[in-house]
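J.: In case it helps, TrEMBL gives these features for our protein:
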- 27-48: transmembrane segment (TRANSMEM)
- 54-248: domain 'ABC-2 type transporter transmembrane' (DOMAIN)
- 60-80: transmembrane segment (TRANSMEM)
- 117-138: transmembrane segment (TRANSMEM)
- 144-169: transmembrane segment (TRANSMEM)
- 181-202: transmembrane segment (TRANSMEM)
- 234-254: transmembrane segment (TRANSMEM)
Amino acid sequence: MTPTRSLPLSVLRAAARQAYGDLRPNIMGAGAASIVLTVAAILVVSRISDGPLQGFGSSSAFGTMLAASCVGGFASLIMMQIGAETYTDRIGGALLRVRILPHGPLTWAIGKTLSTVVLVFIMQAMILLGTVLLIDVAMPATGTALLCLLIAALASLACAPLGFFLSVFIRGVYSYMVNMVICLALFLAGCCYPTSALPGWVQGIQMVLPTYWSGHLTRWALVGDPSWEIGGSFHPALGFGVLLAWVVVGFALVPPVIRRSFRKETIGGLNRTQSTIRSQTGL
């Protein structure tokens, strides 16, 4: 086998090892406790919110809508996870070390995608199980449950490129905080509150992002109440189309964006970043 033909397999093997290394602390010990607590918090809020929001013409309880939204919409938090891990790798010098390795940036991006998608998908599956068992939704058929899992996986893949695009701008504490605020705002506006009640310009932004359509599709599959939707109706075909477009086009753009970002990783830049962080934190 020639080196050219073996290259993709070697990159995938290295990315898989990296993903395993990233996942292990997140799904064992304190990391597992964090996952359980996060999912439990969503389910508790959904369970106690047993009345519909007033003024939206909804016949479903807020908690029911929230839980159904989070099955898919929780994928939005993959952007925060990618941003947080990119920030940690950057200030720790991991990105600089990755830069000098053969195909390092591509391997890093694939590994980070695998680890974050698997981590968030585990949480989405737990939310789906908790929603079926604890929240006032009709017991879904096996096909519906599998459809929700498919939506969850597709949504996580669709949100991952957006996470990489935003993480490119993280160069210090302040830019990291801004990134977290942007990601959280997209998650809340697309998943945790009726998008139909938000200003028109917010609806326009959400219409082209996977953050809205992720929750839209699981609300359609689990509840069927369109009161939270833009235009007051469901558009599942459009939703799947937007998510697939983000997967295909987004991941096609990730490699050049990542390569361009890695060119800025230098020893001098790392020293300046670490010095700035120490001064900002008073160390």
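Using N, Cα and C of the backbone, Cβ positions are placed for all residues, glycine too.
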J.: So which residues does the transmembrane segment (27-48) touch in its own chain, when a touch means Cβ under 8 Å and the partner is 6 or more beyond its ends?
T.: 63-64, 66-67, 70, 74, 119, 122-123, 126-127, 130-131, 134-135
J.: Using a Cβ cut-off of under 8 Å, list the residues of the same chain at least 6 residues beyond the transmembrane segment (60-80) that approach it.
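T.: Those are 42-43, 45-53, 116-117, 120, 123-124, 127-128, 130-131, 135-137, 148, 151-152, 155-156, 158-160, 162-163, 166, 179-180, 183-184, 186-187, 190-192, 210-211, 214-219, 221-223, 225, 227-228, in sequence order.
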